[in-house]
Amino acid sequence: CELSNITIVLEKEECGACVSVNATWCSGYCYTKDANLMYPQKSEKQGVCTYTEVIYETVKIPGCAENVNPFYTYPVAVDCHCGRCDSETTDCTVRALGPTYCSLSQD
């Protein structure tokens, strides 16, 4: 479980544009084990590679109307560890949209 470089796509529907930025996020493997069949009532905690600390960076999205805030702030991982996925701050699903997904049509 460690920091890795990634390109993510940021978008604001009101601006009609997507912007690619370089960031870091956590990826890799964490030690896991299956539940003991002799003691099924004891559940094992399965750790995921997640961030310990993040900072926030801001980028200006082009093409915004005057009445729209053109700035987009996004998290960048600074440190990683194996732990529980916090669904309050993290998308813990397997079927999330990819980091390069843009819902706006690109010419």
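Yeah, the Cβs are placed from backbone N, Cα and C, and that goes for glycine too.
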Second cysteine of the disulfide that Swiss-Prot assigns to Cys15, among Cys30, Cys49, Cys64, Cys80: Cys64
Swiss-Prot annotation, disulfide partner among Cys92, Cys102 for Cys18: Cys102
Cysteine from Cys80, Cys82, Cys92 that Swiss-Prot links to Cys85 by a disulfide bond: Cys92
Spatially closest candidate among Cys15, Cys18, Cys64, Cys85, the listed disulfide-bonded residues, to Cys26 (disulfide bond) (Cα to Cα): Cys85
Top Cα neighbour of Cys80 (disulfide bond) in the set of disulfide-bonded residues Cys49, Cys64, Cys102: Cys49
Integer Cα-Cα distance in angstrom, Cys64 (disulfide bond) to Cys30 (disulfide bond): 42
